[in-house]
Amino acid sequence: MSEIKDVIVQGLWKNNSALVQLLGMCPLLAVTSTATNALGLGLATTLVLTLTNLTISTLRRWTPTEIRIPIYVMIIASVVSAVQMLINAYAFGLYQSLGIFIPLIVTNCIVVGRAEAFAAKKGPALSALDGFAIGMGATGAMFVLGAMREIIGNGTLFDGADALLGNWAKVLRVEIFHTDSPFLLAMLPPGAFIGLGLMLAGKYLIDEKMKKRRAKTVVNEIPAGETGKV
């Protein structure tokens, strides 16, 4: 149970692929102009990570070490192709918005990295959980960045959600404030860099506060007579 909890915590926060490892920067910065696009690509990446980790872990004993990387890429490419066809069939609007960034998941360092660092060494169930946790951590970071840029740039949230979830999702659109002209800095790549920098700073501050809180807890748990001992 502790190993499962550690995998989840590492994937979602401590070893977050976007905010700690800084992997997958190309789609993170390019696609997160809206919360819907960010959520769509994040969920697609999560599905790819989960399925590829599961497949690679299952086949790890029969995978020759010398050619493991090409085999990993073939497996990842097959899964990405299947996910791309699913998005094309059931969320065509999102498919058009994401464009080339769906097939580019094949070359995403997050996917290849987890295959090599985790799935090739652990069992299928734990590897699938790792892929899911890492994917959801990346999705969360992408969603927060996309929501921030969409709100500042257009004054809306979940604009175009029907492209991802269907016609019923039009009711999810929220107009936070009205603007006749979008704030282009937030919508363009420089805004993505600024937003990511703010998120990195925010995570650092949260981690520092958590460290101080844990240190205080440890000090309070030490008996008064032992605090002066070396």
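For all residues, glycine too, the Cβ spot is worked out from N, Cα and C.
Residues or ranges marked as transmembrane segment by Swiss-Prot: 18-38 (among others).
Look at Swiss-Prot and you will find 39-59 (among others) tagged as transmembrane segment. For the transmembrane segment (39-59), the residues of the chain that approach it from at least six positions outside its boundaries are 24, 27, 31, 71-72, 75-76, 79-80, 83, 87, 91, 94, 97-98, 101-102, 105, 108, 110-111, 114-115, 118-120, 122-124, 126-128, 130-132, 134-136, 138-140, 142-143, 146, 163-164, judged by C-beta separation under 8 angstroms.
Sequence-distant neighbours of the transmembrane segment (63-83) (same chain, 6+ residues past either end, Cβ-Cβ under 8 Å): 44, 47-48, 51-52, 55-56, 102-103, 105-106, 111-112, 115-116, 120. Per Swiss-Prot, the feature transmembrane segment maps to 63-83 (among others); the stated evidence is sequence analysis.
Per Swiss-Prot, transmembrane segment is recorded for 86-106 (among others), and the stated evidence type is sequence analysis.
Here Swiss-Prot flags 128-148 (among others) as transmembrane segment.
Marked as transmembrane segment by Swiss-Prot on the basis of sequence analysis: 182-202 (among others). Outside the transmembrane segment (182-202), and at least 6 residues removed from its termini, the chain residues within Cβ reach (under 8 Å) are 19, 28-30, 32-33, 141, 144-145, 148-149, 152-154.
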